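Scroll down for the structure; my scribbles are underneath it.
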Ligand SMILES: CC(C)(COP(=O)(O)OP(=O)(O)OC[C@H]1O[C@@H](n2cnc3c(N)ncnc32)[C@H](O)[C@@H]1O)[C@@H](O)C(=O)NCCC(=O)NCCS
Ligand SMILES: Nc1ncnc2c1ncn2[C@@H]1O[C@H](COP(=O)(O)OP(=O)(O)OP(=O)(O)O)[C@@H](O)[C@H]1O
């Protein structure tokens, strides 16, 4: 079974594109979602996060996302420490998940693929792109975040122009119908390449 990475900057439309692949029968692993589940369910991770962020890491037993986000996206060392706790656990969990899938390829949706220099873990890499201002507008509409919050996350991610030469397939996501057509095309190209 081949492993395909699906990445893109914040608000590019990774999850939207991942759902389109899932509709074509491709098993999809959402790293953001699974990371959060692990941060909730793993006692080891909970304890490490409490040491790093104090008791405020959890609020009423639930991950205090707002507090953690505010802390890490303005502090590189803290962000590195958080990534160092969460990312290895996600990698282990993903490997186990893969063993349960039955398809010629699976997709791992992950925001920080190139940032983590994880290219070698994948057989193919799909990059979702959209203009920065479009991404910001989408996020302002979707979340309660401010422009400043969004820019702080973007600053911890590579620019599209740095990622484009490193990807096998680019999906430009500005028009949903065209994105759907491109997803069908990329799925076919991946199936034909094995
Ligand atoms: C800081 C947290 C609590 C904020 O939660 P929140 O629900 O607001 O955001 P969510 O996880 O849905 O991420 C939304 C987007 O933010 C960006 N983002 C998230 N984590 C990071 C990070 N470590 N570095 C840069 N950008 C990030 C990505 O574009 C991501 O798609 C959360 O993102 C987190 O726990 N991050 C650390 C784990 C991680 O790196 N996850 C991403 C890949 S495994
Ligand atoms: N082509 C599009 N046209 C209009 N809206 C879109 C399009 N693609 C995605 N959206 C909307 O933009 C927002 C961001 O999309 P999505 O959640 O798929 O991005 P993401 O890259 O997974 O985001 P994040 O990095 O925050 O996880 C969502 O509200 C989604 O419905």
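Cβ coordinates are placed from backbone N, Cα and C, and glycine is handled just like the others.
TrEMBL entries are annotated by machine, without manual review.
Other C-beta atoms found within 10 angstroms of the C-beta of residue 14 (ATP binding site) number 24, with every protein chain shown included. For the recorded site, residue 14 (ATP binding site), the DSSP three-state label reads helix. If you look up TrEMBL, you'll see 11, 12, 13, 14, 15, 16 marked as ATP binding site.
Apart from 11, 12, 13, 14, 15, 16, the ATP site neighbourhood in this chain, defined by C-beta within 8 angstroms of the site C-beta centre, holds 8, 17, 128, 130, 173. The Cβ of residue 15 (ATP binding site) lies under 8 Å from the Cβ of 30, 109, each of which sits 6+ residues away along the same chain.
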